[in-house]
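Novice: If you scroll down you'll find the structure; I have some questions about it.
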Ligand SMILES: Nc1nc2c(ncn2[C@@H]2O[C@H](COP(=O)(O)OP(=O)(O)OP(=O)(O)O)[C@@H](O)[C@H]2O)c(=O)[nH]1
Ligand SMILES: [Mg+2]
């Protein structure tokens, strides 16, 4: 079983909580605007996913949840012409955020059940400039409806395909992945170096005093350079 932390982001009223409840309960439930967040852990295929549904009214607070996440599901109301521009701004802000450089995205164009108002994937992709963003980021896209449930799991499966590819060492942007790996390795060996020298100092002062220094690298088999 693989554990993944996934953030559900998007403007208020996009349908994040409705999607989360549909995934959890297999039915459409009435929601109220989210103040704070909802968290649900769901198992799908070989993945244990913890989904963090963050309220869309306070977009400035999103960054507090960026640490240690594996994917972002960005939900857009496909029927809301007026809000598309704001959604694009927020989407671009996420793409520019340095701590998210390697994070894959799934964009869900929600409310597809409102057939008359719901825009096509092609049009929405164009409005968000998804093709441009895809030049340096893995972005899956799907239309869905939290009301009928259609398209949600299909979208999640696309995200899982990205996780699977990466697990097998096939990163779509290997240069970016390597660069970030090297930076991580450097900062880890720097920390290990600091621990070593502090232990050495202690033994010079006569006696071995082992300091309680716990480190979590987040990775196994870290090689020192
Ligand atoms: N027709 C239709 N309505 C939907 C769908 N998804 C959500 N809604 C409605 O859209 C409104 C907002 O849904 P929420 O799930 O609360 O939206 P949210 O993104 O969580 O909003 P915040 O918590 O404010 O960020 C509610 O009235 C939902 O019933 C959908 O797929 N189809
Ligand atoms: Mg909500």
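Including glycine, each Cβ sits where the backbone N, Cα and C put it.
Taken from TrEMBL, the feature GTP binding site covers 10, 11, 12, 13, 14, 15, 16, 17, 56, 110, 111, 112, 113. TrEMBL lists 17, 34 with the feature Mg(2+) binding site. TrEMBL lists 176-225 with the feature region 'Disordered'.
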Novice: Any idea what the Cα distance is from residue 56 (GTP binding site) over to residue 34 (Mg(2+) binding site), rounded to a whole Å?
Specialist: 7
Novice: Counting other Cβ atoms within 10 Å, pick out the least crowded of the binding-site residues 10, 56.
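Specialist: The binding-site residues 10, 56 were compared, and 56 has the fewest Cβ atoms within 10 Å.
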Novice: If one looks at the chain holding residue 113 (GTP binding site), which residues at least 6 apart in sequence have a CB under 8 angstroms from its CB?
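Specialist: Long-range Cβ contacts: 145, 147, 148, 150.
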Novice: I'd like to know which of the binding-site residues 10, 12, 14, 16, 111 sit within 10 A of residue 34 (Mg(2+) binding site) at the Cα level.
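Specialist: Matched binding-site residues: 12, 16, sequence order.
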Novice: If you count the C-beta atoms lying within 10 Å of each candidate's C-beta, which of the binding-site residues 16, 111 ends up with the smallest number?
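Specialist: Comparing Cβ neighbours within 10 Å for the binding-site residues 16, 111, 111 has the fewest.
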Novice: Consider each pair of residues in 10, 11, 12, 13, 14, 15, 16, 17, 56, 110, 111, 112, 113, all listed by the record as binding GTP, and report the largest Cα separation in Å as a whole number.
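Specialist: Roughly 22 Å, rounded to the nearest whole number.
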Novice: Near residue 14 (GTP binding site), which residues of its chain come within a Cβ-Cβ distance under 8 Å, counting only those 6 or more away in sequence?
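Specialist: Counting only residues 6 or more apart in sequence, the Cβ neighbours of residue 14 (GTP binding site) under 8 Å are 56, 75, 76, 77, 80, 87, 110.
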